[in-house]
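In what follows, a structure is listed as structure tokens, so that the remarks can point back to it.
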Amino acid sequence: MAPNIRKSHPLLKMINNSLIDLPSPSNISAWWNFGSLLGICLMTQILTGLLLATHYTADTTLAFSSVAHTCRNVQYGWLIRNLHANGASFFFICIYLHIGRGFYYGSYLYKETWNTGVILLLTLMATAFVGYVLPWGQMSFWGATVITNLFSAIPYIGQTLVEWAWGGFSVDNPTLTRFFALHFLLPFMIAGLTTIHLTFLHESGSNNPLGITSNCDKIPFHPYFTLKDILGFTLMLLPLTILALFSPNLLGDPENFTPANPLITPPHIKPEWYFLFAYAILRSIPNKLGGVLALAASVLILFLTPFLHKAKQRTMTFRPISQLLFWILVTNLLILTWVGSQPVEHPFIIIGQLASITYFTILLILFPITGALENKMLNY
């Protein structure tokens, strides 16, 4: 019998082993769809971003008007821009749900896959930040000023580091130029890291909702999960299209319709919604360096989760106390997101501080204790 080209060709063989004949657990739920959704987000963002870059000018005098020109005069430029801007929001929705799934089902015990995933999150956050600066509106400019300024809190080298990042003594033309270069480069880095992420995942195979080995019951990825993924794509791309067509500015800041002006500070400087939880943690500490450390810790804490797993069971499926704690953590993050969008005034300051303390307490103290407690209750 002639060999199947899908299984013998050096390149097709790799695609076959990761997308067609990949042995997958038969019981993985819709929570396992977000990986492929993130892949679609990345592809959409690179495509729309490339089309936008062909019409964009990375110069302080022209950036704002070049974006306006794209929306007004380029064929479907408005649609490309709206898909790109809102695509970022969907990217973050998917990655947060993907991380939440990994946390709930103990997927972090695949340490290499988890760590590359956290690096991917950090790279995505960096990409979104530099991208937000490019339209050169008021919030772009002041957001860049505030966030880059945080590096000056680093002892001894801080100020030098900030001026080096700016390419001068303030956020100006050199800053915009290098941010555009970074925004163009980083998505391709994300694509490269994604292949590493998948390589590590395919070493162990997928986890599943029961957290037990699924070697005794595997099914091929195609046609079962290819079809399931395509359903996921339509369920994500439909709301994205609706948002981009009907209310494209819903998630944006009205301040960004005003061109950047270093002489006028907006009344409330705040980042896009997907950074608000971290921004709230940053603001909740009165000390600059302390705030920066808390901000970094809020994301870097994810690297510690594999070491804080004390339960004998992998997933939270049969651990009700941990489940309760997990949903309290989710609620807490929503509270932080809301507080981050509010002005720095009386009730919000204390709410933010309490929510920040709760966030770290749950992750660092309560989860390991609960895991150990459940072991005792189950007589492990």
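A Cβ is built for glycine as well, from the same backbone N, Cα and C atoms used for every other residue.
Per Swiss-Prot, the features are:
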TRANSMEM  34-54  transmembrane segment
TRANSMEM  78-99  transmembrane segment
BINDING   HIS84, HIS183  heme b b562 binding site
BINDING   HIS98, HIS197  heme b b566 binding site
TRANSMEM  114-134  transmembrane segment
TRANSMEM  179-199  transmembrane segment
BINDING   HIS202  ubiquinone binding site
TRANSMEM  227-247  transmembrane segment
TRANSMEM  289-309  transmembrane segment
TRANSMEM  321-341  transmembrane segment
TRANSMEM  348-368  transmembrane segment
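Annotated features taken from Swiss-Prot, shown on the structure.
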| residue | record | DSSP (3 states) |
| --- | --- | --- |
| HIS84 | heme b b562 binding site | helix |
| HIS98 | heme b b566 binding site | helix |
| HIS183 | heme b b562 binding site | helix |
| HIS197 | heme b b566 binding site | helix |
| HIS202 | ubiquinone binding site | helix |
- So which of 34-54, 78-99, 179-199, 321-341 has the most C-beta pairs under 8 Å when paired with the transmembrane segment (227-247)? 78-99
- Message: How about long-range neighbours of the transmembrane segment (78-99): same chain, 6 or more residues beyond its ends, C-beta under 8 Å?
- Response: 31, 34-35, 37-38, 41-42, 44-45, 48-49, 51-52, 67, 70-72, 117, 120-121, 124, 128, 131, 236, 239-241, 243-245, 248, 251-252, 272-274, 302
- Note on the structure: Neighbour count check, CB within 10 A, over binding-site residues HIS84, HIS183, HIS202; minimum at HIS202
- Cα nearest HIS98 (heme b b566 binding site) among binding-site residues (HIS84, HIS183, HIS202) -> HIS202
- Task: Could you tell me what the rest of the chain brings near the transmembrane segment (321-341), counting residues at least six beyond its ends with Cβ under 8 Å?
- Result: 100, 103-104, 270-271, 273, 275-281, 283, 311, 348, 351-352, 355-356, 358-359, 362-363, 366-367, 370-371, 373-374
- Can you name the residues of this chain that are 6 or more positions from HIS197 (heme b b566 binding site) yet have a C-beta less than 8 Å from its C-beta? THR113, THR116, GLY117, LEU120
- Query: HIS202 (ubiquinone binding site) to HIS84 (heme b b562 binding site): how many Å between their Cα atoms?
  - Reply: 30
